[in-house]
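Residues or ranges marked as active site, proton acceptor by Swiss-Prot on the basis of sequence analysis: Lys184, His302. Taken from Swiss-Prot, the feature substrate binding site covers Asn132, Thr182, Lys186, Arg303, His335, Ser387, and the record attributes it to sequence analysis. Here Swiss-Prot flags Lys210, Asp212, Glu213 as Mg(2+) binding site, drawing on sequence analysis. According to Swiss-Prot, the N6-carboxylysine annotation covers Lys210. For Lys342, the entry in Swiss-Prot reads site 'Transition state stabilizer'.
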Amino acid sequence: MDTPTPNITNEALTVRGKERYRSGVLEYRKMGYWEPDYEPKITDVISLFRITPQDGVDPVEAAAAVAGESSTATWTVVWTDRLTACEKYRAKAYRVDPVPNAPGQYFAYIAYDLALFEPGSIANLTASIIGNVFGFKPLKALRLEDMRLPVAYVKTFDGPATGIVVERERLDKFGRPLLGATVKPKLGLSGRNYGRVVYEALKGGLDFTKDDENINSQPFMHWRDRFLYCMEAVNKAQAATGEVKGTYLNVTAGTMEDMYERASFAHELGSSIIMIDLVIGYTAIQSMSKWARKHDMILHLHRAGHGTYTRHKTHGVSFRVISKWMRLAGVDHIHAGTVVGKLEGDPLTTRGFYDILREDYNETRYEHGIFFDQDWAGTRKVMPVASGGIHAGQMHQLLHHLGEDVVLQFGGGTIGHPQGIAAGAMANRVALEAMILARNEGRDYLAEGPQILNDAARHCLPLRQALDTWGEVTFNYASTDTPDFVPTAMPAY
């Protein structure tokens with residue numbers, strides 16, 4: 001019996017009950033990348049994009065194009081699609097909402113089958129989600145606002161080796177934020193003078209000091225000298241205070257071999273923590289996380305470079321997404337904003353970053369910029385770090401906005417103290433202890449904060465001097481990244 005000839009039309013060819021398009025260029029929505037009735041599976045990776053189509057480009061077609069270009073599509077129909085389970089592997093845009101008060105911008109929800117991604121690889125995930133699609137001409141701008149990572153995918157990553165609870169147990173410090181300071185000036189000090197700064201700050205009351213993002217191994221100070229002098233300072237400060245202390249030794253370098261060498265030397269010297277920069281890349285971050293886990297060390301990540309793609313509201317990647325990726329990658333610390341400091345940080349948006357890093361389960365909170373429930377499936381928590389333009393006079397605000405599971409990094413607010421580094425450290429420690437005591441007594445420490453600090457300063461001259469020096473310093477600039485969200489009653493396309 002002859003096989004019936006398939007019904008051929010000008011637009012499509014039917015083969016075994018499936019629709020296959022002729023060669024040529026078709027709209028993405030007609031190629032299967034727009035499915036408004038699609039119900040995401042529990043195992044799907046879901047991305048929320050803010051899309052700004054070019055003039056005349058339909059937002060649904062733009063969303064379908066993003067789905068296609070971030071998964072299986074190219075600019076024309078290819079017959080080799082039929083050699084794959086293309087219906088499974090195509091990403092599916094299933095919802096498009098206008099962004100409130102932002103004409104021409106839309107939130108596009110896109111689901112990806114889990115089989116599209118290599119287990120345990122941030123590099124592979126990002127090659128699709130933020131790959132070529134970000135240069136796509138039909139879009140004026142594209143921003144990845146949030147992601148829902150399924151448990152089946154989360155469990156392919158180790159996550160932080162230490163996490164908040166274990167770090168506190170190692171330090172034997174509970175019930176308050178940890179205190180730190182970045183050594184200043186960040187560049188130019190000799191190894192010996194650098195070590196003196198570390199000792200004075202730790203002896204004065206801080207828990208940590210740290211290298212800044214761009215101190216590696218320059219002509220004025222070789223990395224090995226810095227490590228030696230810093231660890232000598234840590235050991236002396238521990239002996240003088242009876243407390244566990246630490247300093248973040250930046251092992252960032254030009255090659256993985258150099259980073260491993262520096263990390264190994266820090267481990268030999270007895271350091272409990274090493275530091276890397278975000279700019280080393282996702283694969284290098286995961287590699288250093290694996291090394292830190294093997295050697296039982298805390299891994300601190302400085303988010304150097306993030307502002308190049310997280311700060312612009314319509315194009316790039318939100319830092320809430322970077323926070324999720326870094327929790328998967330396995331860092332123990334990450335800089336996550338201060339709210340009141342000198343760096344970009346809308347209060348509600350910043351709280352959303354902290355929620356992602358510190359909660360076992362993130363519930364949808366549109367006001368914090370969190371668009372999806374996220375189950376971390378037992379992945380350890382990341383300790384957020386607040387740094388950049390903060391000082392003792394803001395202690396009540398910092399505690400209110402950021403909570404107690406955070407490292408407060410007072411760089412200039414320690415080293416710039418008029419009576420010296422140790423006095424600056426003491427001022428910060430006394431301010432923190434006074435605020436924690438007020439909180440534990442049930443006082444409204446946010447409203448009473450200035451009075452609490454002034455009362456404590458009556459018995460602590462360094463705190464009095466800190467308040468007199470910086471008490472009126474603020475950085476009140478409008479944030480460029482605020483949590484736009486779609487009310488549940490707003491109709492979708």
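Positions of Cβ are set from backbone N, Cα and C atoms, glycine also.
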Looking at the binding-site residues Asn132, Arg303, His335, Ser387, which ones sit with their CA no more than 10 Å from the CA of Lys210 (Mg(2+) binding site)? none
Other CB atoms, at most 10 A from the CB of Asp212 (Mg(2+) binding site): 19
Give me the Cα-Cα distance between Asn132 (substrate binding site) and Asp212 (Mg(2+) binding site), rounded to a whole Å. 32
With the fewest other Cβ atoms within 10 Å, the residue among the recorded positions Lys184, Lys186, Lys210, His302, Arg303 is Lys186
Could you state the whole-number distance in Å separating the C-alpha atoms of Asp212 (Mg(2+) binding site) and Thr182 (substrate binding site)? 6
For Mg(2+), what surrounds Lys210, Asp212, Glu213 with a Cβ no more than 8 Å from their Cβ centroid? Thr182, Val183, Lys186, Asp211, Asn214, Ile215, Tyr248, Asn250, Met275, His302, Ala304
To the nearest whole angstrom, what is the C-alpha distance linking His335 (substrate binding site) and Lys184 (active site, proton acceptor)? 18
Using DSSP, would you call Asp212 (Mg(2+) binding site) helix, strand or coil? coil
Which one is closest to Glu213 (Mg(2+) binding site) in space, judged by CA to CA distance, out of the recorded positions Thr182, Lys184, His302? His302
